[in-house]
Every structure is written in structure tokens, then in C-alpha cells.
């Protein structure tokens, strides 16, 4: 039996092909299909943040100033979260809360959901951009995989955590001092520094910084020279095709320092990828746990003994008292609508403060 294979011809004017050709053609700044997501989302997220920090107050949601117009500076300005009473509303401009009134939308905290959602999709689009470009030039997708770590942290902190709580109100506001305040909140209400997932995150970030410094210094130490002159390092020539540093020399150096060293570049660079990415992912998982109000380590026996014996204190019991102080102060400040009044006997006391 003979089977005839005919070549399938597509319409040369097919809209998808025209779009694909224009989006993926070689240009100074690659656009790609991912660009349809990342460019508008990044534009709106950054534009919303600059607009919010410049003009929009937090008086109606938090009871304080947060814009340059009110006297804040770069460190104290922020796009603040919506009020606690708005729960998890998307706060669309045309929604039932603002009803198309832009001024009211700003007063209710609409810029926060605007920046958070466009920012999240912008970051996801940037990861897809790396994946798309890597596929176009036949690279492995490890850049996109690595960038998934900061995306996981952003989504867990700004979206998943407040979704697990009573509203967007408990997410961080977009500002420098606002993030610091959120860190204090995490410590006071969740004892975050004693959480093992936070410990893994710190180990990953600081470990990656150490690996980066060691790696950069080692490569600089073992650069090849092409002569006796002080300024003839061929390694700084971008057109040099061959190796620019000696892995063998680096291996011998660290073998003498530590007794062990990386035997090849692939394992070395995979380790430099693995440490920060794993640390950030573990930290993101920990924040998801906090969204569900899961506890960190609780050394109850030390707390009981400290309560019974005034002379017994540990760094842990001192930190627990500090956390109580944070909660007592922040709850009343953050939720003025609750009219929280704490009697003297519930405020932190003892020799820790």
C-alpha cells in the first residue's frame, strides 16, 4: 500500500504567524509573547506605585500620612493596604466600593490591590520572558526556574498571607518603612525569627552571598595573563574565545584551604543556584504556614519555669515578652476601629523589658 504525504501549507497571512513574527523577531529589546503580559503589568505596577506614594494618603485606611504630598520621604512613603473592613475585595474602580469614583477608590486603598496584582503578574511575565527567550536561543530554562524563587516569596507574602488572614489589611504596604513595620508585625504575632522556614531562608540568602563573594574572588585570583605587563589581562577582553581562568588552580587552592573543593564547574554553579533558590522557596512555604496561623517553635517548659521563677530567664523568654509588647502596641494602633484598650496587667512585664 502506498501512502502519499503532502506538505501542509498554511495561509501566509495567518494572523497568529504575523503576530509571532513581529513579537519574536530580533531587536534591541526582545518582546515576545511574554511581553504582552510583562510590559503592561510592569508599567501599571510601577506607575501605580509612583502615583500612590506621591499623592495618595492613608488617612482613611490606617490613620496616618504616607505620601510625598503630605511630607513623607522615600523611606517613609508607601502605597498602603486597604482598610480591614474591606476584607479581600479586589477593590476594582468600577466595583461596589468605589463605584467609579477615582478619589474614593484612592481613599479606600485601591492602589494597593492595583499594584499588588499587576506586580504579581508582571513578575510571572518576566519569568515567562526568560523561559521564552531561553527556548528561542536553545538554552536551558534555569534562569526562569531561579526567578521562580523571588516570585514565590512575593506571592506568599503579599497575596497568600493576607488571603489566609481577615483581609488585605494584614499584607505589607508598598514602602520601605512599611516593609520594616510588617517585619516587626511578623515577629510579634508569629515569632517569625524562630520559625525553621525563616532560618532556611536566611541560610539560603546569606549562604548565597558568601558563595557569590568566594566564587568571584576565586575567578579573579586565577585569571590568565597574556604577558608580563600589569594591564594585559586577556580575561577582560570580551572577544577572547578560550578560557579566562584556571579551574585546576582554583581547585588546588580550596583543597588546601578546606581540604575539599568543587571538582567541576557544573556542580559548583548548580550549588550556587540551589542554595538561594531553595532558601527562598522554603521561606515562601513558611509564610504560607503563617497564613494558616501555624505555630513556630514553642518552648513552653521555659515559659512556665520563667513564670514561676523570677530569676530564670533565657533569650527565648525575653523574646516572648518582647513579642507580647509588639502585639499590645500594634493591635491598638493598627485597628483603631476596634477601640482596643489593654489593661495594665496584660502588658509585658518582668526583667526582659
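Using N, Cα and C of the backbone, Cβ positions are placed for all residues, glycine too.
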Of 262-278, 279-295, 296-312, 313-329, the range Swiss-Prot labels transmembrane segment: 279-295
97-110, 111-124, 153-166 - the range that Swiss-Prot marks as transmembrane segment: 153-166
Of the residue ranges 187-207, 208-228, the one that Swiss-Prot records as transmembrane segment: 208-228
Transmembrane segment according to Swiss-Prot, located in which of 74-90, 125-141: 125-141
Spatial separation of residue 143 (pheophytin a binding site) from residue 269 (Fe cation binding site) - C-alpha basis, Å: 12
Residue among the binding-site residues 130, 143 whose Cβ has the most other Cβ atoms within 10 Å: 130
Among 198, 215, 269, which are binding-site residues, the residue with the most C-beta atoms within 10 angstroms of its C-beta: 198
Stretch in 41-61, 153-166, 208-228, 279-295 most in contact with the transmembrane segment (125-141), if contact is a CB pair under 8 A: 41-61
Intrachain neighbours beyond the transmembrane segment (41-61), with Cβ under 8 angstroms and 6 or more residues off its ends: 67-70, 72, 77-83, 106-109, 111-112, 114-115, 118-119, 121-122, 125-126, 169, 173-175
Integer Cα-Cα distance in angstrom, residue 198 (chlorophyll a PD2 binding site) to residue 215 (Fe cation binding site): 25
